[in-house]
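To start, the structure itself, in structure tokens.
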Amino acid sequence: MMNLLLGYQPLLDLFLLHLGLAYAQWLVLRAGVFSLGTVGLAAVGAYTGGILVVTYGLPAPLALIASALSGGLVALALSVPLARLRGIYQAIATVAFIQIVLSLNIYATNVTGGAQGITGIPKTVGTPLLLLAGAATIYLMYAITHSRLGRAFDAIRQNEAVAASLGVSIVRHQTLAFVLSGALAGVYGALEAFHSYALVPSQFGFPYLIAILSYVVFGGRTSLWGPIVGTAVLILLPEVVRPLADARMLVFGILLILTINFLPKGIADTLIERARGRRLGARRPAEADTAKGS
Amino acid sequence: MLLQQLLNGVVVGGVYALFAVGFNLVFGVQRLLNLAHGAVFMTGAFVAYYTVRAGGPLILGFVAAAVASGVLAMIIEVVCFRRLRKSGDAEFGAIISSMGAGMVIMTFWQWVSQTQVLRFPFDTVPVVIYRFWGLRVSLLQLMMAAAAIAIVLVMAWFIYRTAFGRQVRAVTDSERASMLVGINPNRIYNLTYFISGALAGAAGVLVGLAFNNINFTMGEPYLMFGFAIIILGGLGSIPGALMASLIFGMVQTLSIAYLPSGLTTAFIFSAMFLILLVRPNGLMGREEAGSLRGRR
């Protein structure tokens, strides 16, 4: 039994690391910010952590705090132009941000190690710490969801004009969501660096972005369960069905198309809505639908 | 030296124009970003390569590539976008859906090419270099420029001088109003996606010839450049995309020539960020990039 569990430990670690980034992506989408830049912010955090630990010999916990700060600060700076843009333009701008981070990391060889990246990062993060981080993240998201803040995010996502007329400041809330998401991405970027000995710039590129987005879209973009379900299913799927492991990209691609077309709310959100609808009788789900659809 | 770089830049810009005009045409008509456009572009290069390797002449490869890419783009629209457009939240959905389509197409070509870098047989285009006024132009560059100009001219004639083009522009302005006057929008969408895909496929062949390097990831950087170009030109504006492609081609070759190597990408995307900040609608875009709060 123990052996079996140990065999799956790398998978559990992977799940926890990706879950954190999935929540970072989920948080911005929930506040109606159309950002795809989570991976770039994770890169900022990972490099901050890696450089501080390897080059300057800082202890890992301090470096982790610095990573959170750097992710949050970069997100704060990025939120200024983003606040002036609309939907698709935000998506394009954040994809450009990922490219800028990527090419700067490759260019600044004497700081970031260039294309070779940073090696020899002491491994200070194991499964227990990741479990703790996962629990803390879920609690934090739970707390946000069930506070005034979460309701404000929901209102903005569903209808900006209505939210503004209710006295919810859109710019302030979206900036807050983006900065929180940036700090979270920074922390998980650094956790990834401290977990795997080495960092390379291409690690935080387009494929990673697609993976993170798939988790959130597949699981669900509004409920707390979305990222958990999405990340768990999509990470387990290639492991359970071995022949699929080679065709990971193909499976992700087809799943993305099918999910967004036929289950646009994602698995978890759809199931939760159904359960709620059954509990409240036949009249309510129709209302819930109109409220949810934005 | 500077003149030579500018000339190279114009040729590169012509190829970018093929890519970006199609990208932007689709955005103009449906207000959706097709993130599989890079994969369509790559498909063109692959189809031409396999045609030439099977013994076909290059011109046949070129036509086959354009047709195959056009049909592929049409399929993407039907499979990925048609259902979404009726659901309301198409803007986000289209990004996800077309991202998925891009991955499927990339995996397909990865399998077909077995992750190899493919090269056109030597002498597919003879290496001939012309010199005049101290400038050097290769036959390939001339071909690229000629093909780009010809294709863009034909497309411009199509969009601005034919009944079909009028219908496309009508649907661009308002889908509902154009339905009222008897235009079938789905037919228009099929055709615009076909044109968009065919343009991308043609660009793919030219890029494959120019760098003689065809592989299953070749579409990704072009998709990124495509973003930068349509932001500069204005989302949805075809003249804007044309102008921006030429500017972009020249800026890129100049920055490769004069900036420290490795900074080109960072420079290009930082410039794009600046444009988004200062002039989010680009050179010739419509007034729509600003958010609700921007207007307040």
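Heads up, the Cβ atoms here are built off N, Cα and C, so glycines get one too.
Marked as transmembrane segment by TrEMBL: A:34-55, A:62-82, A:88-108, A:129-145, A:175-194, A:206-237, A:249-268.
Take the transmembrane segment (A:88-108) and the stretches A:34-55, A:62-82, A:249-268: counting Cβ pairs under 8 Å, A:34-55 has the most. Comparison of A:34-55, A:62-82, A:129-145, A:249-268 by number of C-beta pairs under 8 angstroms to the transmembrane segment (A:175-194) places A:62-82 first. Against the transmembrane segment (A:129-145), the recorded stretches A:62-82, A:206-237, A:249-268 differ in Cβ pairs under 8 Å, and the greatest number is found for A:206-237.
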